[in-house]
Amino acid sequence: MPTSDSQVSVSNREELQTPPPSPRSQKRWWLLLMLLVGVGGVGLGRGLTPASQATAPAAAKPQPPRPIETIALTSGTATRSTSMLGQVEASESATVRTRTSGVVQQVLVQPGDRITPGMVVAILDDTDQRLAVAEARARLAQARSELARLEVGTRQEIIAQRQAEVRAAQAREQEAQDNSDRTRSLVNTGALSRRELVEAESRTDAARGERMQAQAELAEATAGPTREEIDAQRANVAAAESALNQAELALQRTRIRAVSSGVIQTRQVSSGDLVESGDEIATKVNGTQLDVFLEVPESLSGSVRAGMPVELTARALPNWRDRTTLTGIVPSADTASRRQRVRVRLSNPPANLLPGMAVQAQLQLPSNTPSFVVPRDALTRRENRWLVFTVADGKARQLEVELVADMGEKMAIANPQLSQGQAIVVRGGDGLQDGAVVKVDS
């Protein structure tokens with residue numbers, strides 16, 4: 001314990017003996033501290049200054065010009081595509097009909113069969129027609145024989161026969177006259193009655209008439225036929241020939257033939273049916289020529305014209321596509337759909353395209369808005385805006401345009417600031433900004 005007390009006492013004395021710092025020494029300490037802080041700030045400033053000086057020149061270095069390709073702006077006709085639906089119809093439909101009456105003996109076609117001109121479609125029973133032909137031939141032969149007789153004239157043996165008939169008639173007349181004279185004498189004497197005389201004179205008159213008839217026939221035979229008789233008989237021959245031709249034609253018409261080529265669509269008769277002249281046998285359509293009728297929306301009625309380009313497709317024929325033009329315009333609208341119909345003629349349709357099939361069409365309609373036609377690559381779409389870039393003083397100038405029509409690889413655009421021949425960017429426009437420095441590649 002004494003040791004601890006002595007140590008505390010010694011320490012206290014030492015603390016009491018240490019003098020307090022003077023104001024001058026405190027000022028030196030403050031100056032030293034400020035000097036150290038200043039040196040550190042200078043060093044820190046020197047350490048940071050080279051990096052800032054190195055970064056500044058890099059930020060101020062200009063970007064190289066961006067390579068682009070341009071084209072000269074040209075005006076063109078804008079077309080817009082309109083979708084339409086339609087249906088295939090046969091351009092020519094005909095009904096095969098009978099031209100004579102009879103019982104159907106055989107039908108040689110079925111729906112779907114292809115027919116050619118002159119091909120037999122059906123056969124009718126021809127019994128009645130054959131009999132009519134035979135009768136007409138007999139009448140013609142008789143008329144020709146009579147005409148030949150008239151043209152040759154009367155034969156000599158006929159003339160001799162007529163002369164003999166005249167002589168016989170004269171003899172009978174003379175006999176009757178003699179008998180009448182005797183009867184008159186007897187009547188005058190009173191031997192016979194007056195009645196006997198009347199009968200005798202009557203027989204004389206009859207004999208005289210026979211003699212005159214025989215003389216007329218002899219004169220006719222001697223003179224020959226007149227020109228009028230020959231002409232009349234020739235007319236009879238012509239009538240008989242016409243009757244024979246008509247009968248033969250009716251016989252030919254028992255074999256019903258196709259007049260033109262096509263495909264049988266429906267058949268109306270079967271074997272055993274009785275048909276009259278003009279009855280339907282079958283209906284055929286022209287398979288080599290079809291029409292497509294398309295319905296134009298009411299808003300476009302009056303805008304379509306014949307000759308406008310149209311592209312046709314059919315769901316039933318996925319590999320078929322036909323680019324053609326409108327053939328005709330139906331000058332009225334359907335009362336139910338309020339749509340106008342247009343016609344497209346297909347001269348060489350595919351074999352599998354049949355009447356009644358549905359067809360889709362894309363009609364190209366010209367636009368009335370003045371526009372320029374550019375490649376699709378010349379347009380840039382940003383935030384629902386269509387942009388093109390022009391070049392002026394080596395810099396790209398952004399210009400918003402109106403899209404008039406999308407024509408596939410080509411686009412129709414419009415803007416009052418565009419002009420014919422103006423250069424627009426067609427390559428290198430992706431990511432291009434307004435005012436960017438550009439270089440046009442030759």
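One is the number of the first residue shown, and numbering goes on along the chain from there.
Every residue gets a Cβ built from N, Cα and C, even glycine.
Bear in mind that TrEMBL entries carry predicted annotations, made automatically and left uncurated.
Annotation comment: TrEMBL describes 1-11 as compositional bias 'Polar residues'. Here TrEMBL flags 170-184, 193-208 as compositional bias 'Basic and acidic residues'. Under the heading domain 'YbhG-like alpha-helical hairpin', TrEMBL lists 124-252. Here TrEMBL flags 294-364 as domain 'CusB-like beta-barrel'. The feature domain 'YknX-like C-terminal permuted SH3-like' is assigned by TrEMBL to 373-440. The region 'Disordered' annotation in TrEMBL covers 1-25, 170-208.
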Checklist outcome for this item: the compositional bias 'Basic and acidic residues' (193-208) resolves under DSSP into 15 helix, 0 strand, 1 coil
Next on the checklist: I'd like the per-state residue tally for the domain 'YbhG-like alpha-helical hairpin' (124-252) from DSSP, helix first, then strand, then coil.
Outcome noted: 116 helix, 1 strand, 12 coil
Checklist outcome for this item: Reduced to three DSSP states, the domain 'YknX-like C-terminal permuted SH3-like' (373-440) has 3 helix, 41 strand, 24 coil
